[in-house]
Amino acid sequence: MTIMRKKHPLLKLVNHSLIDLPAPSNISSWWNFGSLLGICLMIQILTGLFLAMHYTSDTTTAFSSVAHICRDVNYGWLIRYIHANGASMFFICLFIHVGRGIYYGSYMLLETWNIGIILFLTTMATAFVSYVLPWGQMSFWGATVITNLLSAIPYIGNTLVEWIWGGFSVDKATLTRFFAFHFILPFIITALVLVHLLFLHETGSNNPSGLNSNSDKIPFHPYYTIKDLLGILILLMVLMILVLFFPDVLGDPDNYTPANPLNTPAHIKPEWYFLFAYAILRSIPNKLGGVLALILSILILALFPLLNSSKQCGLIYRPISQSLFWIFIANLFILTWIGGQPVEYPFTTIGQISSILYFTIVLVLMPTASMIENKILKFY
């Protein structure tokens with residue numbers, strides 16, 4: 001068997017990626033989230049496939065087909081809730097994975113980091129086009145409001161919105177194409193994941209110390225396969241507790257009402273994992289400015305390698321930058337909370353302050369802190 005996995009053309013690829021891969025001996029549990037994301041992706045593709053067998057992308061039957069899945073299909077309710085809450089688990093793992101990359105300086109592996117940003121954007125696009133599919137009140141109005149933001153683009157905005165909608169409002173054409181996009185995008189994500197891993201295995205993984213670990217590597221199997229299996233077990237436990245005890249805690253009650261274009265919900269909001277970006281969008285009174293801030297709130301990740309002036313990799317030995325990082329995380333939680341609140345005082349003011357702080361920490365304070373730390377440690 002050993003000879004076969006090292007010689008066979010296909011098994012050799014698996015061997016170099018999962019078995020004999022040299023990995024740093026000191027990587028912590030924060031490095032588990034890559035494998036957890038892979039498991040989440042597999043869960044989403046499998047449950048999504050079974051849901052697609054029973055779902056109909058037509059405005060007259062979409063809502064009833066979801067009800068039919070939950071009531072009449074064997075374990076349809078379970079598949080649906082695993083898919084819905086699996087998306088939340090996916091984004092929790094994704095945010096932690098990106099946060100770990102920022103904390104430990106993994107953004108210095110440029111190709112891996114940039115492919116990761118493309119993956120993040122593609123995952124967000126996949127989650128967004130899925131929101132309209134149940135054809136509930138919030139999903140309909142959420143899709144209408146967010147797609148309508150493209151009308152802020154000068155000259156071509158209105159035409160672009162009508163082109164995406166396939167008409168003059170979110171209707172059958174929009175639902176059909178969004179379902180098609182939602183079906184194909186996870187497979188594109190899978191292909192991008194392979195590219196992400198390809199670039200990662202070219203350079204080797206980063207580690208908590210931020211130092212070169214070539215002199216101290218261990219094989220991925222059995223050490224990290226066992227560690228990843230424990231992570232997967234915990235993930236599945238949390239997911240099943242969510243699915244079986246609190247299936248609707250992260251959803252919106254308005255989605256249990258069929259979409260009605262004549263009746264607008266009191267507070268239109270997207271899914272919880274988009275709320276931080278939605279809060280940034282709402283905090284700018286100008287429509288185009290808000291859309292640009294929304295896009296920049298994600299694309300700012302691409303600036304981390306450019307803005308990094310520290311002589312050390314990661315924040316583990318940099319107390320000033322460490323404090324700023326945790327303020328940044330706390331600020332993200334505040335933005336997520338604000339995104340779910342109505343547009344009124346004091347929420348608008350808190351949102352504006354948090355949005356300014358979000359960009360200030362990344363663009364001004366963290367580079368300044370790096371330079372101060374270089375001076376203190378005499379790293380000229």
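In case you wondered, yes, glycine gets a Cβ from its N, Cα and C as well.
Since this is a predicted model, take the numbers as computed values, not measurements.
According to Swiss-Prot, the feature transmembrane segment maps to 33-53 (among others), an assignment based on similarity to another entry.
Look at Swiss-Prot and you will find 77-98 (among others) tagged as transmembrane segment, backed by similarity to another entry.
Same-chain residues at least 6 positions away in sequence with a Cβ under 8 Å from that of H83 (heme b b562 binding site) are, in sequence order, Q44, T47, G48, L51. Following the DSSP three-state reduction, the secondary structure of H83 (heme b b562 binding site) is helix. Look at Swiss-Prot and you will find H83, H182 tagged as heme b b562 binding site, backed by similarity to another entry.
Here Swiss-Prot flags H97, H196 as heme b b566 binding site. In the three-state DSSP scheme, H196 (heme b b566 binding site) is classed as helix. Within its own chain, H196 (heme b b566 binding site) has T112, I115, G116, L119 as residues 6 or more apart in sequence whose C-beta sits under 8 angstroms from its own.
Look at Swiss-Prot and you will find 113-133 (among others) tagged as transmembrane segment, backed by similarity to another entry. Sequence-distant contacts of the transmembrane segment (113-133) (same chain, six or more residues past either end, CB-CB distance under 8 Å): 55, 57, 62, 87, 90-91, 94, 98, 101, 106-107, 139-140, 142-143, 146, 170, 174-175, 178-179, 181-182, 185-186, 188-189, 192-193, 195-196, 199, 270-271, 273-274, 298-299, 301-302, 304-305.
The feature transmembrane segment is assigned by Swiss-Prot to 178-198 (among others), with similarity to another entry given as support.
Cβ neighbours of H201 (ubiquinone binding site) (same chain, under 8 Å, six or more residues apart in sequence): H16, S17, L21. Summarising the annotation, Swiss-Prot assigns ubiquinone binding site to H201 and lists similarity to another entry as the type of evidence.
Using a Cβ-Cβ cut-off under 8 Å and counting only residues 6 or more beyond its ends in the same chain, the transmembrane segment (226-246) has close neighbours at 29, 32-33, 35-36, 39-40, 43, 78, 81-82, 85-86, 88-89, 93. For 226-246 (among others), the entry in Swiss-Prot reads transmembrane segment.
For 288-308 (among others), the entry in Swiss-Prot reads transmembrane segment, with the evidence type similarity to another entry.
Residues or ranges marked as transmembrane segment by Swiss-Prot on the basis of similarity to another entry: 320-340 (among others). Here the transmembrane segment (320-340) has Cβ contacts under 8 Å with residues 99, 102-103, 269-270, 272, 274-280, 282, 310, 347, 350-351, 354-355, 357-358, 361-362, 365-366, 369-370, 372-373 of the same chain, all six or more residues outside its ends.
For the transmembrane segment (347-367), same-chain residues at least 6 beyond its ends with a Cβ under 8 Å from one of its own Cβ atoms are 279-280, 282-284, 293, 296-297, 300, 303-304, 307-309, 321, 324-325, 327-328, 331-332, 334-335, 338-339, 341. Taken from Swiss-Prot, the feature transmembrane segment covers 347-367 (among others).
Here H97 (heme b b566 binding site) comes close to F33, G34, L37: these same-chain residues lie at least six apart in sequence, with C-beta atoms under 8 angstroms from its C-beta. Over all protein chains present, the Cβ of H182 (heme b b562 binding site) has 21 other Cβ atoms lying within 10 Å. Only residues 6 or more beyond the boundaries of the transmembrane segment (33-53), in the same chain, are considered here, and those with a CB under 8 A from a CB of the stretch are 69, 79-80, 82-83, 86-87, 89-90, 93-94, 96-97, 100, 182-183, 186-187, 189-190, 193, 228, 231-232, 235, 239. Below 8 angstroms of C-beta separation, residues 17, 38, 41, 44-45, 48, 52, 55, 57, 112, 115-116, 118-119, 122-123, 125-126, 129-130, 132-133, 143 of the same chain, each at least six residues beyond the ends of the transmembrane segment (178-198), sit close to that stretch. When Cβ-Cβ distances below 8 Å are used as the criterion, the transmembrane segment (288-308) is approached by residues 98, 102, 105, 107-108, 110, 113-114, 117, 120-121, 124, 149-150, 152-154, 276-278, 280-282, 355, 358-359, 362-363, 366-367, 370 of the same chain, each at least six residues removed from its ends.
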